[in-house]
Structure formats: C-alpha cells, structure tokens
Number of protein chains: 2
Amino acid sequence: MEGVDHLAFERNKAEFDVDAMKIVWAGSSHAFEVSDRMSRLVASDPAFKKDHRPMLGRKELFKGTLKKAAYAWKRIIELRLSEEEASMLRSFVDEPAFTDLHWGMFIPAIKGQGTDEQQQKWLPLAQKMQIIGCYAQTELGHGSNVQGLETTATFDPKTDEFVIHSPTLTSSKWWPGGLGKISTHAVVYARLITDGQDHGVHGFIVQLRSLDDHLPLPGITVGDIGMKFGNGAYNTMDNGVLRFEHVRIPRDQMLMRVSRITREGKYVQSNVPRQLVYGTMVYVRQTIVSDASTAMSRAVCIATRYSAVRRQFGGSNGGLESQVIDYKTQQARLFPLLASAYAFRFVGEWLKWLYTDVMKRLQANDFSTLPEAHACTAGLKSLTTSATADGIEECRKLCGGHGYLCTSGLPELFAVYVPTCTYEGDNIVLLLQVARYLMKIISQLGSGKKPVGTTAYMGRVAQLMESQSDVQKAEDWLNPNAVLGAFEARAARKSVACAKNLSKFIEKLQQDIPGKGVKHQLEILCSIYALFHLHKHLGDFLSTGCITPKQGALANDQLRSLYSQVRPNAIALVDAFNYTDHYLSSILGCYDGNVYPKLYEAAWKDPLNDSVVPDGFQEYIRPMLKQQLRNARL
Amino acid sequence: MEGVDHLAFERNKAEFDVDAMKIVWAGSSHAFEVSDRMSRLVASDPAFKKDHRPMLGRKELFKGTLKKAAYAWKRIIELRLSEEEASMLRSFVDEPAFTDLHWGMFIPAIKGQGTDEQQQKWLPLAQKMQIIGCYAQTELGHGSNVQGLETTATFDPKTDEFVIHSPTLTSSKWWPGGLGKISTHAVVYARLITDGQDHGVHGFIVQLRSLDDHLPLPGITVGDIGMKFGNGAYNTMDNGVLRFEHVRIPRDQMLMRVSRITREGKYVQSNVPRQLVYGTMVYVRQTIVSDASTAMSRAVCIATRYSAVRRQFGGSNGGLESQVIDYKTQQARLFPLLASAYAFRFVGEWLKWLYTDVMKRLQANDFSTLPEAHACTAGLKSLTTSATADGIEECRKLCGGHGYLCTSGLPELFAVYVPTCTYEGDNIVLLLQVARYLMKIISQLGSGKKPVGTTAYMGRVAQLMESQSDVQKAEDWLNPNAVLGAFEARAARKSVACAKNLSKFIEKLQQDIPGKGVKHQLEILCSIYALFHLHKHLGDFLSTGCITPKQGALANDQLRSLYSQVRPNAIALVDAFNYTDHYLSSILGCYDGNVYPKLYEAAWKDPLNDSVVPDGFQEYIRPMLKQQLRNARL
C-alpha cells in the first residue's frame, strides 16, 4: 500500500488554497522556502533517523546525539549554509543537544554582555566550535530568584584574578544544558565581590575542561545530573552539575560591557544601559512563544490526522464506523487547539517586531516602553507555554490508547516541551510579575499617566468598567469588536491582560491575505479561539457583568456552528504546517494516514521482540510455572 | 546528616493526631496494620529496589520486572501471606507487571464468566501460577467500542471446536498487558459465530504458548507492542499484539456461565442474569477510584514536603529565603489537590459499599439500581482519574525545575498514571454515558418515575430550579448544606452529576472520628474541596443563577482563609498517608526533607557519569574542536 494517500478524500474536502496557507504559516515566501528545504534535507538523510530514540539506554542515546551534532556541523560546513539555514537545520534535527546552548545562550551572552575586545577574542573560537560553551546560571537551591545565587567571584588584586568558588552544596550549578559532559567553557553567573563588598550577580567566562584531554581543570567538579522526564526526550542533553573549589580566572574574563573591575579592584559602571539585559529577555521569550506555536501545531497535526483515520462506534450492520473527527465532542476539544496554534503563530510574529522596536529605543536611551514590553512578554510566555503543554497532553488523549505509545510521537513531544513552563521564568512567577505591573498601571491612572502599548486600553478603564456587551444574536459574536470589547472589559475589571493573542489574530486578519479561502479559514479559527476562551472563562465574564448569561449561551451556539465549518478543512489546515513525517515522528500523524500497518510493523522493532522467549524467562518464569521457585536463586 | 529530620519543625506545627489520621486514611485499624506491615516489608528488602529503573534499557528493565515478580511470589509462599496481604505486597512493589493482569483480570474473568466446572478446572492452575493468563479484548482498530471487535470464534460442529481467527490487520489484539512475552493463556474476546450467525462478543480461554518451551503455539503470532510513555513506568509491562490464524480450541473453553453452545451448535442462554457483567464493571471502577486517591496523595505528599524544604525569594541581607509553601499562590494550587486526595479516598470507600449492594441485588434479580450505579461509577471514574492525572502534573510543576528530574518520582508517576484516563472506559466517552443517563432521568420526571440513589436530588428538580443561595457572609460557605445546595442546584440546572465526591466527604464528617483535631482537619479539607470547585466552575453557578457574583466573591475570601488554616498542618496531613520513602521513590518528597545532599549524590549514579570523558567524545567531539571534521567518519 506504499504511496497510497489514505487521507486524500479528506484533502479533497478543503475549501482553501493549502499552498497559500503554508506561506502564511511560515511568515513569508522566503521563510517557507528555507524551512521547506532544510526540513527535507534532514528528513531525507538517514543519519538523522530518530524513531529508535525511545528504546536506547542513556549512554547509547547520548552517543547518538554527539554523532548527529558532529554530522550536522559537517553538513553545515560542506553545504556552506547561512546562519539562518544552519539554525533551521538544527531545529529540524529535532534533538536537544549541547549545541542548542552553545549557539543559543553562550554566544549570545558574550555578544550581549562582552566588550568589543572580549567579543573579538571569544566569538571566532566559539563560532568555529573550537571551544564549546554553556550558560551556567541556575543552582541546586536557586532557580527563579537569580539574585539569590550563591556562587562567588572574588577579585584578588594581588594576582589580577577572580576566584570562582562554590561556598555551599546548594550553590552547585545545576541544570545547565551541555555542561554535564561536553562544554569546554561556560558563562558562569556569580556574586562579584571586591574588597569584601558584594556587587551582585555578574557573568564570567570560565574554562571547565582541558582542550587536550577533555578532563575537568583543577578545582572543578562536573558531571551529568541524571535522567529526566520521558523516553529519549531531554535525555539527549547533558544537563550538568558544577562545583568550583577556588578556581582562578584572569580579570578580563568577567563580561564587562555594562560594568567592570579595574586593575585596582574598583567597580565601574559603563555608560551602556543596564536595561540591555531586558532586551535579551524579550528576544528569548519571543523565540519561546514562536516555539510554542510550533509544538502546539505538531501535536494538533498528529491528533487531527489520526482523528480522521480512526473510526469508533456508529457503524451498523458491518458498515464502517464513524470517523472520530466527526464527533462534536472531539471537535470541541481539538479545534480550539488548532485555532490556538495559529493564534500563537501570529502573536509570535508580532513579538519579533516588539523586540526590534525595544532594541531601537534602548540604543536611543528611550526606556519608556520597557516595563510594558517586559510585562507583555512575561504574560505571553506564561500563557502560550502553559496552553501548549496542556494542549500536547490533550492531543495525546484525543488519540485514545494509541497516543500512549512512543510511536505516536506525543509522549516525547510532551516530555521535551514541559520544562518550557519552568525555565526562562516560571510561568506562575511571571504571571505574578504581570499582575504587579497591572496594579501599578491602575494605581497610576489617577495621576493622569497614560498606559502605553498593549495596556493602552486601560486608559479607557472608566468606560470599560461600565460597558455592556450589545450582542443579541449568535452571529453577533463573529464581530471582532464585540469579542475584543468583551475581553477588554473583562481584563480591565479583572486586571489581567490576556486579550493579546486575540487582538494579534484580529490584526492579522485586517491585512490582505492572498490565496483562495485562506483568509476566511483564518477568520473562522480566530472566532473559535475567541469564543472558546470566552466559554472557558465564562465565570469571569459573568461575575464582572461584561456579558449576560444569555449572551454567553449565544457564544456557545456560535462556537458549535464554527466547529462544523472547520471540519472539512481540518486536514488541510494541519497540512499547511508543512511538517515532514520525519519531523513529526508519529505513526498516528503520518501524512498518508496509513496508520495501522505502520503501527503493526513498528511494534516488532522493540528490543523485547529480538527473541521469541524473553531474556529472564529461564531464570524467573519457568521455575514459577514449574512450581520450583523454592529452589531458584532470585 | 543521616537520621536528622529536616522537617521536624514542620511536624511540630501540626494541630491534630497524625496516627489517628493514618487510620482514617487507611479506612480501618486492620487496613492500616496490613498496609503498614506490607509496605515496610517491601521497602526494607533490597530485592525490591526501584530507583535505577529509569536508567535501564528496555530489555534490562523487563528482566528486572520478571525477577521481582518471581521473588515476590516466592516471598508470598514462604511467608504464607493471605490473599489480602499478597495483593497489598504486590501493590507496594509498585511496578506494573504481567501478574497485575493475571490476578486482576484473567482470574476474575474466569470467576465471573466461567461455569462451576470451568472454575474448578482453571482456577487452581492459575492460583498456583502453573499457567499465567491475560485479558485479550482491545484490538488495533477497536478500543472503546467493544461491540466493534473483529476477532471471530466460529463453532465447528464436526470437531466440536471453536476456530479463533483474526480476519483483518485491525482485528489484531493490541494492548493487553502480560500478553507480549509472558502469558501462557488468555481470555480472548471474539465474535461467536455458529452456523453463519453472529451472536456478538464472548470470552474464550485460549492457550497461547507451550508450557514446555514457551514458544507460541501453531497459528499464533504474538509479541510486544513497543515502548510507551515515560522512563521505566509502564515499560515494565509487556503489552502485546496477538494474531490468530485459524486456531482451534475445544468447545468447553468458551466461558459459558451466561450463555453456551451445545454439542449440536445451538446457542443457549442460561438463567444467570447477563447484568452480572455490570457488577464486575462496578468493581473494577471502584478500584480505579481508590487508586486515584492513592496516586493523587503520592504526588501531593512529594510536592507538599518539597514545598516546605524549598526556599525562594524573600530573603533579605543573607537571611533565609521564604519557604515556597508559605506563598499564597503555592497554597492555592497545592491545598485543593490535598483536599481532593482525601475526597477521592472517601468516595472510593463508598463505592466499595455500592459494589456489595449491587451484587446483593443482582443475586436477588433486582436490577432497579443498576443504571444509576453504572452511571455513577462511570462519572466518578472519569472525574477522579482526570483530576488525578492533571493533579500529578500540577504537583510536578509545583516542584519547579527539579520536578522534571526522574529522581523527583513525579515523571514516572505521571507516565504510569495517565493511561487510566483511557482504559476501562475513555473518560470522555464515560461522561457522555452519564449525560445520556441524566437526560433520560429528566425526561422521565414528568411521568412520575422517581430517581434513585445519587440522582435522588433530581426528584426535587422543580424546587432546585428555583432555589437561590442564601449565603451572606464568607463563613456561611462553611455550612455543608449551603455548599451542597449550590452544587445540587447547579447539577440540576446543568444536568451533570459531580457533587458526589463532595457529598461523600460531607457524609464522612457526620460520623464520629477519633483522634485530637482529626475531624476538624477533615472539615477544613472538605470546605476547600467544595469552594475550590465552586470557584473553578463559577461560570456554571453564575449563568444558572444559583449564586450571585457577590456570593462567589465571598467563597473566594473564605477559601483564602482556609488555606491559612491548612498551612501549619500540611506536612502532617501528607505524613498521614503513611508512605515509605521506597514507595514514594522521590528525593524531593523524602520523609526527612534532606533533599539537596540526596539529589547531589544521586546525580553521580547516572550511567553517563561512569566515565569522566563520555563515550563518543573521541569520535565526534574531538574532531569538531580540532577542526578535523572533514576527515572524520560520521
């Protein structure tokens, strides 16, 4: 049956131009072209095979990752790939590795916090991978609260060196990826101490391992912190533990762009704004939001395709059972997630713009939009990653029992994804920051200070506190202003900002979008996203009096009608993500829908099936069956 | 620091008698004594060590499970353990194994569906483990819809045999635990066909493997279906795939208690009520609800203890940071889960009574309460398992980054637990069944038919449709009748029954409960359980007009005050679960709270730390660092 498209009948139902939607999803024709080319390059190369990952023991798994990383780097050099292409290729290899931290944290840290001199010295080494670096911030006892870090960097004016030290067990660096077994260097965050004075946390470049024999340098204890959630998943990464026993580094290895220590041990601030670090934070969180849409869309792609393949109940007299995707309960769980994937994509695009804007302003010493940008990215990071983690698990459940098999691709996707809710700002801590910011905005309203950017609507708070929705018919809920109005009114009254994804989605729809039916599909998804959340938070809307119970019921009516409109387009909408079978690595979500023969075939590849009688049978099972356990050595 | 109790200062805060609470939790002094003794027996025996599980490859992992199962059986025989003790011991071994299905499904199926003759023949063999059995129902293409199974059992009157056959790929048996590599026999569900007529799905005892060499018998293809979600977790189980190629079994291997085939091939119903099968279903679901409280309490125990150990933010001038458990946001997430663990415990106890009651009635041919019992267990299975799966993951997040480490115990607990939402009735499918039942009850109200059991309140529907909550102060929400009234009114209006856990909790509190402060603690937890859910489903309460927005706000005020009351008792409340460190297998949740040294020590046990320079460095990393990749063989 190779080559037969078992979902062709679904694709034929689509009412829009899938190729045009692929461009919308990718962001531009150029982005689509690069992404499409790189994903095919990876998918077609057997060296990047990944479906055996869950079966490997830790050592084999890790060795495989080292091999893939080296091979990918070799290909990048051979094919003279651009930075954009190389980064895209790495993301399609789809395996957490030390290179993620090297390229994504170590190099950016030097770029952002190093002086020009430091950049000239270290960047070429790192960019040629003559050294490999990681980012050593989190400690065993200190995560969210960076200011609580315990590692010290004490300046010794006699030798013109810093002494890096781990004074307690809880000060051990713990979690940094790439640290455990591979990195030769690290950017280490430590309390800067000069002449008995604590200047707070700063970054230092510290060599960890010999470039000769890879052994840890004197005074350095380093290792892997052990297994993490899931099969394969993040266990390909050597998250590490690191302790310093009075390790000395030259003074010029403190990252000195913002502040520095003179030869005499004097602490001097440069005229570079300290706020630059927030710019980096906006950048990192923007990529996290964009990754959320990627992870959500992968899970949705798998669940949607398998829901069209799978049949259950409803068949009479030996006829085919009904496709699961035709059940209203399945649609009501699946389609809001599909809509969320698109919503997160568009808010991610907008965050890219926000980052550019913030950086431009910072360079002109304009810090006015920074608090708002900071609160906004914190809120969006928290909201999109929590929704995505839950969404992946919901997609797994939507696949029934088979979603529990590793070959569904969903267990590994979930296990790899969930730490996103914790790192780069724990989601709950971030929401508290947002809440604090909003309280401040509200307290300043009286003094006439005007809220900016995404909180501009708070300026109309008096009006919003009074507003009553004028929705009268179910279709009235399709009007973006009616929906946005209700969300703004609720946000103003509850003082929480979560209308952001929605407004970005609505904004996107005010643009011209080419391709038959594409814009219409996005309008449907936008309405689903809005009304699903209105339904989910109905208590807030009702208790703050923004809408009436009657209007809430109408929103539900409208939602049901929208689900029916998505149904014929569901497969095409996930095809528009343009994911290869290699990338998805899910039998349930394979493009051609030929699920069951593939599941059956894959089962036999489990190591347990290497022999008909399993290892252990003779020692443990036979004596039991033969009632000879008493004499068995166990 | 061995032997020091780092949580002693927390235990000293407790305002109730922990030992008395342990009895309440266990259900009786007897239950406590057996459970305590068995858990210590397992925890103190090095043969039952389990903390290395996540690091093992599939084969090693599985071999270890076989060894433990044989050793456990040996101990059970040596110590002449009772059935109750043996089953308790197996549950504390805490490792899914083929024995679960042998004792939990294969033997009960023969007991429930076999004739007296069949029971006399097969039960002794099974109970001595001279044969090992599994329960082969689910097929590759057929899960929830049992009536859609495709496997056939065709009677051949010439030879007096059934021919068991898998006519399609999707008819392959798929998922049964213990089937893959170990079971010698199975109860196989197949469509019974006589003389061209299809009599629907029936059970058959089929031998799968030779009792000599363990090889599959002719016509039988059998193997493991491969890796499942998580490290260790359910991968200790050989969930299997099974196909039949016209396999012949004697006629007397059809389970014939309810219906049978005569020598001539005639299909005959016995006078045993077919409804007996529902009794079994009530039994299985009762154990699932009881297991939900166990899993939830394990996760809560870990998260509560670690929340008392962990400090973050709030320390000034080098002072200790605040304990995470003192943050209101942490309490608002953690304490409702603690309350849920207790709520599920009590509803589980009540379900045990319900099962006994249903069986008694069935034997007296009284089927009147069956539909209600069926709907009720379906709803409770769905509600408690979904809440528990979500609750475990929430507990993992409540532990911050370290919850992502396997040594936290939470990843494996989650991965082992989640299939419960799917098996024995997919949770969403079950809720639809409940909804259908409630619709029926409502449609019959007009005809004067009185609803029974848990739906008795529907008889007062007219009154409930009109009722308005008379809560005026926050404390009014502590009155059980006020809360139950609001839930019943909402249930009547939304036609969903989920006030069950609550009413069982309230019922429990009307009994006398000995031990200083024990009853008071349970009252607090009961109120938290109630008001948390009122808060969570506020939209329902407001849109159906049961309570006013003002009353909703008062419930929130009361909830916050209740959290403060739980705080000093939190550690003692989880100590009352009486879990050994072995059973919890969580460094974060260890009894003495000495978390960080243990985490640090455990890290070095990862296989990656066997060598300082990892396997793969010479081949893949050195050539990269030395810029010699071009010539490397990759």
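Yeah, the Cβs are placed from backbone N, Cα and C, and that goes for glycine too.
TrEMBL has this to say about the protein:
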ACT_SITE  A:GLU424  active site, proton acceptor
BINDING   A:THR138, A:GLY177  FAD binding site
DOMAIN    A:17-132  domain 'Acyl-coenzyme A oxidase N-terminal'
DOMAIN    A:134-236  domain 'Acyl-CoA oxidase/dehydrogenase middle'
DOMAIN    A:278-439  domain 'Acyl-CoA oxidase C-alpha1'
DOMAIN    A:488-626  domain 'Acyl-CoA oxidase C-terminal'
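Here the features listed in TrEMBL are painted onto the structure.
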residue  : record                       : DSSP (3 states)
A:THR138 : FAD binding site             : coil
A:GLY177 : FAD binding site             : coil
A:GLU424 : active site, proton acceptor : coil
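Contact counts against the domain 'Acyl-CoA oxidase C-alpha1' (A:278-439), taken as Cβ pairs under 8 Å, peak for A:488-626 among the stretches A:17-132, A:134-236, A:488-626. Cβ neighbours within 10 Å of the residue listed as 'active site, proton acceptor', excluding its own Cβ and spanning all shown chains: 17. Note on the domain 'Acyl-CoA oxidase C-terminal' (A:488-626): mean pLDDT across this stretch is 85. The DSSP breakdown of the domain 'Acyl-CoA oxidase C-terminal' (A:488-626) into helical (H, G, I), extended (E, B) and coil residues amounts to 95 helix, 0 strand, 44 coil. It is A:GLY177 that, of the binding-site residues A:THR138, A:GLY177, has its Cβ surrounded by the most other Cβ atoms within 10 Å. Chain B lies within reach of A:THR138, taking the recorded positions A:THR138, A:GLY177, A:GLU424 and requiring a CB-CB distance under 8 A. Helix, strand and coil residue tallies for the domain 'Acyl-coenzyme A oxidase N-terminal' (A:17-132), in that order: 90 helix, 0 strand, 26 coil [DSSP]. Across the structure, A:THR138 (FAD binding site) and A:GLU424 (active site, proton acceptor) are spaced 10 Å apart at their Cα atoms. If you take the Cα of A:GLY177 (FAD binding site) and the Cα of the residue listed as 'active site, proton acceptor', they are about 13 angstrom apart, rounded to a whole number.
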